[in-house]
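As structure tokens, the structure follows; a few thoughts come after it.
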Amino acid sequence: MNRYMLFLIARRAGAGILTLLIVSAVVFFITSLLPGDAAQMILGQNATPETVAALRQQLGLDQPLLVRYFTWLTGMLQGDFGTSFASHLPVLQLVEQRIPATLELAGITTVICVPLALIIGIVAAMNRGSALDRFLVISTMATVAVPEFLVATVAVLIFAVKLHWVSAMSFGSPDMDVISYLKAYALPVLTLCCVLVAQMARMTRSAIINQLDSPYLEMALLKGVSPLRAVLRHALPNAVGPIANAISLSLSYLFGGVIIIESIFSYPGLASALVDAVSNRDLPVVQLCVMLFAACYLVLLLAADILTIAFNPKWRS
Amino acid sequence: MNTLLLPVRLFQSLSLSGRIGLLISLFWLLMALFGTQLAPHNVEDIGGGPMLGGMTSANVLGTDYLGRDILSRILYGAKFSIGLALTAALCASIIGTLLALLAAVAGRWLEELLGRVNDALLVLPGKVLSLMIVAVFGSSLPMLILTAIFTYWPGAFRIAFAMASSLRNMDYVRASRLRGESRWYVAIHDILPNMVHPMLTDFGLRFVYIVLLLSGLSFLGLGVQPPYADWGTLVRENLQGLFNGSPAVLMPAVAIASLTIGANLFIDSLQQMRPLTLAKEGA
């Protein structure tokens, strides 16, 4: 890491923060389009106009939109995320314990998916046109097109209903032993992995194939390097950038997929909090959840950028 | 005559998987148009069969949690699943393309603004963004279409803008600018025709995404609301039958999967075809 690389990374981080700021503006302005408004929403249909007006003033809804945006934004920066419409508790308190749960699910999925996808992608790239390669192409197309809830319901049907290997829908007890922990997580993780592995493996494959087609690799093969060594030692370091990007893109899919998976398996995570808040039209919770999803995605993109920069020899000296 | 033969030539130029995909897509399109007439039972016929019944000769695909015929419900649902998605995908592609053209020929300032907003919207996963819009505006049918459009125009914009911004630097476009043509002339006559083919493929992909998005929303209970039902709603309603292996859960999900896989196969085969094959063979 030299100064120039740090500068590049800082610039990417700055761009990320700017994007997050625009996201916050989009989120705020869309949610402020609520027909009627929050005061009416909290008090319900039977409220008198006077009480609605009083609450409106208390919430600051009588102020112009831009002023409210900046109040909201500075509040968020100081860790004040507002009060839930539905339960009148601070939003942070409601969402707080959901975050680690979702990160845990995403973390386990990532730890399983990434190595698996890398291995499949590399093997497929080395055996281009083979049965494995074609299977990968077809299964990617199929899994991208199939709704997550089909994969999840089929998995429940096979593993929980027919085979009785795992019990569907069992979360909650904090002191689970290892076996029941594995059983509880097996189906959600399996379902998420299905799609992720196929996507990541396909992009890994194309990144490596790009390198395999280049003259320097032909040179390496001609001088007698074994195919495996050529891929691992010569092609892979050059493909790190595209692969890191592919992985961060696929992982961002994880955030969409996790919404369906969490509600099928009634997993107490951030995404199910978002779905519940949407059904209750609890906008402060929705705002915070959406911002958290956006922030996670930007962190992933930044991580991929840092890897790309770190592995580019052009900037090392 | 050549124009009449064009569909045949298109079909012949596709790969085997592309042909299968095209046939599946056409089949569902016909079902969306005429499915309600073909349905063997009345969809409102509550208690017409056993609850969550299996496949019998009377109810070919079984019955749902209220004893209604699943095949008929799927045929009725096709109208919603496909109609909504098709409308939304069409609007999203058109809006994305037009805004991209606007950004490409208008000044630097507008280009920057549209690009930034677009980047910000792309950061939000589609489901998250659409859930937020549903939270604000609810899920009536027109709002669902608007939600899907708003969620998926940024993707179309990005692809269209990438093409438009490389096309606007081509020599023939510069020549036409130098000739004194207006910005709109350049956008519509010089840039747009070269974007149509890739944008049509992109439209197909967008359709697939939107089918998945809307059925996902319905599955969460936030999409199409009763008394209407699209395929996602059908899966949700009958989820209790999952533990008995009832076809009422699986069949609507299989319908979605067959539509999206079929459309994907067709698009994939189109993408692999050289863009000019059609024109050359037709000439």
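Glycine too: its Cβ is placed from the backbone N, Cα and C atoms.
The model shown is predicted, which means the values in this text are computed figures rather than measured ones.
Feature annotations, courtesy of TrEMBL:
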type	residues	note
DOMAIN	A:99-311	domain 'ABC transmembrane type-1'
TRANSMEM	A:12-34	transmembrane segment
TRANSMEM	A:105-124	transmembrane segment
TRANSMEM	A:136-161	transmembrane segment
TRANSMEM	A:181-201	transmembrane segment
TRANSMEM	A:243-265	transmembrane segment
TRANSMEM	A:285-311	transmembrane segment
Segment proximity, the transmembrane segment (A:285-311) to the transmembrane segment (A:105-124), 3 or more C-beta pairs under 8 Å: no
Interface-richest range of A:12-34, A:136-161, A:181-201, A:285-311 toward the transmembrane segment (A:243-265), CB pairs under 8 Å: A:181-201
Contact set, same chain, for the transmembrane segment (A:136-161): CB under 8 Å, 6 or more residues outside the stretch: 120-121, 124, 167-168, 186-188, 190-191, 194-195, 198-199, 201-202, 205, 257, 260-261, 264-265
